[in-house]
Amino acid sequence: METKIGSLDSCKPATCNDVGSLPSNGVVSTIQSSAVPFNSAEATLGRHLARRLVQIGVSDVFSVPGDFNLTLLDHLIAEPGLNLIGCCNELNAGYAADGYARARGVGACVVTFTVGGLSVLNAIAGAYSENLPVICIVGGPNSNDYGTNRVLHHTIGLPDFSQELRCFQTVTCFQAVVNNLEDAHELIDTAISTALKESKPVYISVSCNLPAIPHPTFSREPVPFSLSPKLSNKMGLEAAVEAAAEFLNKAVKPVMVGGPKLRVAKACNAFVQLADSCGYALAVMPSAKGLVPEHHPHFIGTYWGLSVGYSLLLKKEKAIIVQPDRVVIGNGPAFGCVLMKDFLIALGKRLKPNATAYENYHRIYVPDGHPLKSEPKEALRVNVLFQHIQKLLSGETAVIAETGDSWFNCQKLKLPQGCGYEFQMQYGSIGWSVGATLGYAQAVPDKRVIACIGDGDGSGCVNNASMWSEEYHLLINNGGYTIEVEIHDGPYNVIKNWNYTALVDAIHNGEGNCWTTKVRCEEELIEAIETATGAKKECLCFIEVIVHKDDTSKELLEWGSRVSAANSRPPNPQ
């Protein structure tokens, strides 16, 4: 059977985003499309692209205007199902589309040619690393300019228009240059469907003179996509399950460790079902926090290894490695064309219950201690701050953790059922969370987003604060790039100390609901949180937290020393 891509339900944090999957009632989710022809004014490329975005579940598009995309933006604005959100720069628009895709299953951004495209490129690379389907749309040159040897503004001064395309080829799974109406319909549909199938970003360049021109290929309402689902090889699946069951049923203390590819494989629920049936202890890698429910009775926490330098410390001969479409058992055999989701579900029916590992863990488990009680008006410590952040968490919140010490402090938070959690560990782009918070919050408006951001991160992208809505933003001001300090210190890690609350107030400029405050001790923090969750709960709440420059988690200290050692390895002898 085929799975039709239609409307997308809002994704629930701590579960995977199943784009175009079957709902729990077994009915295929589609957009009911009438075959009623449009009038000629509507039968345009711009209208088709707008309708396609709505069909796949995008209701918000993040954009920066430029002279090559203005007509296209007109058509996106005219689409009733789309909300165009203007961003302060292309990088933040890309970050916002990344955050949106994490919550909604797919995101989109629109920028202008080259000067905008190369700016958004870093965000698209991050989305690629995280397996996120982001539709990156670029307003391109007039179709008549291709092949003319002309030099255009907003380019690097060469008559070759392919520079931007070549840059995107390594960080997208499909590239479409639409400079001809005859094949525009096919290129757009192929690009969007490929993003959904591969769960990777795609690049679509649309010549600036084409969006408003009617064409017969756009004369009807777009028919919803019908994408053939990936299927496991039946014989391979059976063989893999049989070999895995034999392997695991002999194990003394088996443990399940979830990784980030649970999301792209849409196998989060199957992973939990397997844990329920076999009784194994289950843990997650740091990059998979939020994908596995931490309230599960056999959840034992995060598996770090040594956290860097190829130090996962899993003995291959004692492990079963499950990729989205491949299973490797010990040093062999390996089974291809076996989907993770299918494998986990089938394996659960073949395993003998074995709770030995969890029982041993429970026997030696020592609960985390509490930070030392603060003295009156004592300078606020980071561990005390996160003790209070923990109390803010519920099923109605989501945590966005920025690159830096927030990685490690947020990893130690215990996520209640339904609490979302996102961070960008693989790519680790400083400043990612500022834009991603905008996108995530826009995609899941019923959740209160708690963004934990460092001053180094915020100073790079704080202009996006003008787009924030009802969230809690905690900017931890410790005077510089602390994560870099712990790797290799130097004067370059110290940044100019801004008055961040005053800056956000200035950007806000009295428009909308915004409340800011600065805290230096636990008493002020408690008061700020009471205000943010009480009288100012309908506002954007920006809390600048002043802490000592050397106040870091022990995990960051360990991680920094290991990164330093890995980076400073001498060349191998020649």
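Placement of Cβ uses the backbone N, Cα and C atoms for every residue, glycine included.
As recorded in TrEMBL:
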| type | residues | note |
| --- | --- | --- |
| BINDING | D455, N478, G480 | Mg(2+) binding site |
| DOMAIN | 44-149 | domain 'Thiamine pyrophosphate enzyme N-terminal TPP-binding' |
| DOMAIN | 241-307 | domain 'Thiamine pyrophosphate enzyme central' |
| DOMAIN | 424-544 | domain 'Thiamine pyrophosphate enzyme TPP-binding' |
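Structure coloured by features recorded in TrEMBL.
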residue : record              : Cβ neighbours (10 Å)
D455    : Mg(2+) binding site : 26
N478    : Mg(2+) binding site : 21
G480    : Mg(2+) binding site : 21
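Within the model, the domain 'Thiamine pyrophosphate enzyme TPP-binding' (424-544) shows a mean pLDDT value of 87, rounded to a whole number. Break the domain 'Thiamine pyrophosphate enzyme N-terminal TPP-binding' (44-149) down by DSSP state and the numbers are 51 helix, 22 strand, 33 coil.
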